[in-house]
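Features as listed in Swiss-Prot:
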{"type": "BINDING", "residues": "30-37, 149-152, V178, 186-189", "note": "ATP binding site"}
{"type": "ACT_SITE", "residues": "H37", "note": "active site, proton donor"}
{"type": "BINDING", "residues": "Q61", "note": "beta-alanine binding site"}
{"type": "BINDING", "residues": "Q61, Q155", "note": "(R)-pantoate binding site"}
Amino acid sequence: MLIIETLPLLRQQIRRWRQEGKRVALVPTMGNLHEGHMTLVEDAKTRADVVVVSIFVNPLQFERPDDLARYPRTLQEDCEKLTRHGVDLVFAPAAADVYPAGLEAQTYVDVPALSTILEGASRPGHFRGVSTIVSKLFNLVQPDVACFGEKDYQQLALIRKMVADMGYDINIVGVPIVRAKDGLALSSRNGYLSAQERKIAPQLYKIMQALAEKLALGERQIDDLLADTAEQLRDAGFTPDELFIRDAQSLQPLTVDSKQAIILMAAWLGKARLIDNQQVDLHS
């Protein structure tokens, strides 16, 4: 497995693969890899001849410097896992190489229709940071296919719109959420949980399932459903952060024509901000 840290060497290797006619898959990550990431890798391997995994803790995605500083950086362990899973290349650049002019002078890619709603309303600039780094990685790696987890549902929708709007010839694949046996969605941030908090954490999924069942049975008093769900989260020990029920395709409020809903949840448990989502088929 190749480990490349500079842009010129990455371009050189990508050019070589292109000359050989190889199909390239990209799995963008911020490192601290877990089995959910490995599922993305395994999916990517079925879709391409070579798989590139990027590991870059993107400063543009963090509102608070302390959150950026404490984000786990485990490059050696990550590379060992990726070697075992047959990855061809790890791209692990420094921030100074990705943003040589500094963050203030950086050119941004924005998807305004999706970057300022829902989670984006409370995290200004976050999704602009996502679309900027993903666009840059697309330009550098020039993948035929890129795999993203469905756990970050709004992010996936934003990337799909960016690809469509910008004319990228890239197949965007959403890979289903990977869960622990007790239902907790796998996340790098689960490492922030204490032992006691880890026992509580699966309640997020169970509470979301109960909400999904009510929607599937035809309940449509959205404000009441959300208020009840928030109360259940608080009773379980969470601090609710974001809670939405939206049209799964447009991310806009449900209408009589909506065929599928998406429940988007984010809640704090101790120092960990846990997110999850679930799609629900709506029957008229």
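Cβ atoms here come from the backbone N, Cα and C positions, even for glycine.
Sequence features, as recorded in Swiss-Prot, placed on the structure.
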residue : record                    : Cβ contacts under 8 Å, 6 or more apart
M30     : ATP binding site          : I55, F56, V57, N58, Q61, Y71, S188
L33     : ATP binding site          : I55, T74, E77, D78, K81, L82, S188
G36     : ATP binding site          : G149, K151, I177, V178, A185, L186, S187
H37     : active site, proton donor : V27, T29, V53, G149
E150    : ATP binding site          : L156, G174, V175, P176, I177, N277
Q155    : (R)-pantoate binding site : F127, V130, F148
According to DSSP, collapsed to three classes, what secondary structure does L33 (ATP binding site) have?
coil
CB neighbours of S188 (ATP binding site) within 10 A?
18
Which number gives the other C-beta atoms within 10 angstroms of the C-beta of V178 (ATP binding site), all protein chains shown included?
18
Taking the Cβ of the residue listed as 'beta-alanine binding site' as centre, how many other Cβ atoms lie within 10 Å?
20
